[in-house]
There are 2 protein chains.
Amino acid sequence: MQSGQIRLNKVTREWVIYAPSRRKRPQDFQQSHRPKQSLITRDTKCPFCPGNEHISEFIVLEIPNQNHDGWQTRILSNKFPALTPNENTRRWIDGIYLAMPGYGQHEVIVESPNHNDDIATMPIEAVEMVIETYHKRYIELMAWHENMMGIIFRNHGAKAGASLIHPHSQFIVTGIVPQHIRWQEQEAQQYYDHWGRCVYCDILEFEMQNRRRVVGENLSFLAYIPFAAEVPFEIWIMPKDHQADFGSISDRQKSDFAAILKEVLGKLYEKLNDPDYNYVINTAARYKAEEPQVHWYCQIQPKLITEAGFEMGSGININPSIPEADADFLNE
Amino acid sequence: MQSGQIRLNKVTREWVIYAPSRRKRPQDFQQSHRPKQSLITRDTKCPFCPGNEHISEFIVLEIPNQNHDGWQTRILSNKFPALTPNENTRRWIDGIYLAMPGYGQHEVIVESPNHNDDIATMPIEAVEMVIETYHKRYIELMAWHENMMGIIFRNHGAKAGASLIHPHSQFIVTGIVPQHIRWQEQEAQQYYDHWGRCVYCDILEFEMQNRRRVVGENLSFLAYIPFAAEVPFEIWIMPKDHQADFGSISDRQKSDFAAILKEVLGKLYEKLNDPDYNYVINTAARYKAEEPQVHWYCQIQPKLITEAGFEMGSGININPSIPEADADFLNE
């Protein structure tokens with residue numbers, strides 16, 4: 001494919017530009033080294049390392065390790081929370097504007113006692129405990145009727161906004177459903193009303209047959225690079241069976257999710273030398289948790305390019321890499 | 001204001017979180033130095049410097065300087081265009097997806113012959129020529145019936161995605177209207193259908209009276225930090241009279257726009273030590289150029305914080321700085 005191409009994301013209905021003159025080969029995105037390999041197991045200054053509880057925050061939840069002689073994962077209250085539960089959700093008028101208190105929850109999921117661990121390189125049992133921890137806390141917090149959205153995300157590396165190296169994810173719960181989510185839901189609803197099917201299920205079925213962009217698969221999940229990936233090596237992990245809410249995953253799905261997450265992050269780690277990335281679990285807002293057109297998925301975006309003024313003004317991404325070439329490179 | 005606050009952007013209807021525990025003072029965003037001050041006027045390796053035409057691209061347009069012994073601004077075809085006009089806009093089906101050729105135009109606006117110039121520090125006459133060049137080319141390219149959107153933007157500094165130091169902006173024209181723009185138009189239309197007024201005009205009127213967030217003003221324009229600014233020191237410059245299309249600005253407005261742009265970029269330069277930033281001129285899509293609910297504006301976003309997984313999943317920004325404090329700091 002020599003000429004340029006613009007592709008429509010079937011879910012968000014945003015366009016993405018693939019520019020032949022800017023096109024890079026997948027190996028051009030390889031990082032020069034894997035910095036974590038030189039790290040120590042315990043860091044006396046790290047607030048997430050065992051023994052440093054005096055500098056860490058309140059322990060919300062702890063899951064013991066297999067030997068029951070310590071913890072495997074922990075949830076801590078965030079030292080610098082974006083939102084706090086000591087507020088209400090009553091909105092007010094400020095001049096001609098609308099505002100509300102900073103109600104919500106913001107917690108840190110410490111994924112391992114080891115400072116130099118990472119999901120890509122941990123034993124699978126340890127990754128399973130991370131997913132178990134996500135799910136346990138998700139169920140607990142989404143039981144509160146004020147909590148409208150639960151966003152579990154992971155920032156890996158400085159370019160992805162991580163300020164601490166110790167492996168961790170974050171969980172933010174809000175008392176609002178943002179427009180960004182409503183718009184996507186509206187697109188999915190229109191698709192459902194037109195075709196009688198979930199757009200995500202249709203994409204899954206097509207990608208499983210077509211296989212051009214698949215980068216991982218097991219009994220419960222498919223991992224693929226979206227047809228209109230916004231950035232090089234973007235990956236979506238999606239449950240094969242229709243499921244709107246991350247909260248409803250079964251035990252079997254939990255271990256399959258852990259396996260495929262480790263598999264695709266492992267591919268990024270091996271092939272691109274541990275790039276910085278963000279991932280987020282996009283799941284149904286509270287009041288949509290049973291809807292036939294909403295489908296949860298984990299979205300991974302490596303931080304390999306810089307978004308600039310054009311993206312800000314248009315919402316269109318310029319991706320210098322082709323999804324099919326990225327998939328081939330990861331599968332080599 | 002000690003407790004947290006969430007504010008709604010009246011235009012996009014997206015929420016922004018202001019987190020007290022993460023709150024920074026405006027001076028915390030000051031950069032350590034102003035790197036451009038040490039630069040030379042001509043760089044023999046820069047494709048935008050005079051005398052280097054053999055390494056630059058095709059010259060699309062040139063505006064002479066006041067002495068008529070050289071050029072003041074130039075438009076060059078982009079060496080690595082995201083889109084090219086040698087395509088059509090016919091869409092095709094690819095499996096279950098939609099795609100189209102990479103039709104569009106991508107040009108570079110060289111803002112000065114001097115390598116070390118910058119809008120914040122140039123003479124006002126030179127900034128006026130930049131705006132004149134924007135406008136001239138905007139009118140030319142938007143006369144083509146295939147061209148649906150014209151996006152003029154500026155990336156300043158490496159964090160904002162600029163790969164060359166020589167002062168320049170870019171102009172990308174697309175044959176599509178992205179969903180991002182359609183959604184904003186739809187919000188504005190709903191407001192107009194509800195209140196009978198342009199939402200941007202209502203904001204202008206309020207900000208001009210309230211004055212808490214105003215950072216610049218002249219006869220034709222108001223510059224202010226939005227009530228729900230997404231990032232620290234975000235600034236919107238808006239024509240005071242209702243005007244949907246950047247293409248319809250008058251000569252008077254052009255010089256007033258140049259003056260206020262230089263003024264507010266000068267404040268960022270002085271108070272924050274030349275931070276990296278993006279700006280974009282958000283203007284009406286072709287078929288909306290006369291609509292009573294669309295209002296063009298220039299949006300400036302300094303690159304002082306890193307967006308991460310939460311922003312990606314929710315579309316909600318976490319802003320560690322309060323708009324009113326940012327405005328006070330710039331006006332000090």
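Glycine residues also receive a Cβ, built from the backbone N, Cα and C atoms like all the rest.
Note that TrEMBL annotation is computational and uncurated.
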Quiz item: Of B:His106, B:His115, B:His242, B:His295, which does TrEMBL put in the Zn(2+) site with B:Cys46, B:Cys49, B:His166?
Solution: B:His115
Quiz prompt | Residues within 8 Å of the B:Cys46, B:Cys49, B:His115, B:His166 Cβ centre (excluding the Zn(2+) site residues themselves) | solution = B:Arg42, B:Asp43, B:Pro47, B:Phe48, B:Asn52, B:Asn114, B:Leu164, B:Ile165
Practice problem: Taking helix as H, G and I and strand as E and B in DSSP, count the residues of the domain 'Galactose-1-phosphate uridyl transferase C-terminal' (B:187-308) in helix, strand and coil. | Solution: 49 helix, 25 strand, 48 coil
Self-check item: Cβ neighbour count (within 10 Å, all chains shown) around B:His115 (Zn(2+) binding site)
Solution: 20
Exercise. Give me the Cα-Cα distance between B:His115 (Zn(2+) binding site) and B:His168 (active site, tele-UMP-histidine intermediate), rounded to a whole Å.
Key: 10
